[in-house]
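Enquirer: I grabbed these lines from Swiss-Prot:
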BINDING   Asn10, Trp11, Lys12, Gly180, Ser219, Gly240, Gly241  substrate binding site
ACT_SITE  His102  active site, electrophile
ACT_SITE  Glu174  active site, proton acceptor
Amino acid sequence: MARRPLVMGNWKLNGSKAFTKALIEDLKTELAGVEGCDVAIAPPVMYLAEAEAALKCSCSCGGKAIALGAQNVDVNVQGAFTGDISTEMLKDFGAKYIIIGHSERRTYHKESDEFIAKKFAALKQAGLVPVLCIGESEAENEAGKTEEVCARQIDAVLNTLGAEAFNGAVIAYEPIWAIGTGKSATPAQAQAVHAFIRGHIAKKDNAVAEQVIIQYGGSVNDANAAELFTQPDIDGALVGGASLKAPAFAVIVKAAAKAKN
């Protein structure tokens, strides 16, 4: 089946109120008239209000529809959980695509596969779209454990929620050794892992596997995106540094739209 690509910008710990408004205005200009690719951005949670307002203005002025996302969520809806953000709070700002399982969260905040699966469940229950990040470290890659690691991270969801939980969800394969390093998996390497991920889900439910969006992340930029998107199982990208520059991000979006339509 034809899958509509999704390119999402993960701004990480970057930006300001002024930066958020300016970048969205620039994206509106750069992406004018681009069809065939869904686009989302995940600014820091402090700037969701500015982003929501700027995106509403963009749509009302006939600009490209850009969805709002977030970089994290907690499993609790409310209560004594200092510093956490709930699904309902994110919905209140119009956020749709929520990143979970990013290697920076797994590493710096010691988030386990099991905890990430609980976040996945919370997002599905709230009607939001999980963007589940998976991927291996450089040591695991060199030891030939890429598929083993990816399978384990996916199984945390599969074995608790079932394959149907991936209906309407997004997976982002981000090899840790390629994130922010300037290194990137070759298109063939990335395709092999994406095909494995889809095949792993297909063992449980082929129909779900065929429709799930699998993005590539890990030093995706305006120079390598087009070649990555020629691969049949790469359905877009989760973009880090390049998403902070409207022209570079727009090149990636346009490359996805061209390759998949």
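The backbone N, Cα and C atoms fix where each Cβ goes, and this holds for glycine too.
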Enquirer: What's the CA to CA span in angstrom from Glu174 (active site, proton acceptor) over to Asn10 (substrate binding site)?
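Expert: For Glu174 (active site, proton acceptor) versus Asn10 (substrate binding site), the Cα atoms are 12 Å apart.
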Enquirer: Would you identify which of the binding-site residues Gly180, Gly240, Gly241 has the most other C-beta atoms lying within 10 angstroms of its C-beta?
Expert: Gly240
Enquirer: Applying the rule Cβ within 8 Å of the centroid of the Cβ atoms of Asn10, Trp11, Lys12, Gly180, Ser219, Gly240, Gly241, what extra residues of the same chain belong around the substrate site?
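Expert: Result: Ile179, Val239, Ala242, Ser243, Leu244.
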Enquirer: Of all the Cα pairs drawn from Asn10, Trp11, Lys12, Gly180, Ser219, Gly240, Gly241, the residues the record ties to substrate, which distance is largest, in Å?
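Expert: Comparing all Cα pairs, the maximum is 14 Å.
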Enquirer: In the three-state scheme derived from DSSP, which category covers Gly241 (substrate binding site)?
Expert: helix
Enquirer: Taking the Cβ of the residue listed as 'active site, electrophile' as centre, how many other Cβ atoms lie within 10 Å?
Expert: 28
Enquirer: Restricting to the chain of Trp11 (substrate binding site) and a gap of 6 or more, list residues whose Cβ falls under 8 Å of its Cβ, or answer none.
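Expert: Within the chain, Trp11 (substrate binding site) has Cβ neighbours under 8 Å at Ile41, Ala42, Pro43, Pro44, Gln71, Ser243, Leu244.
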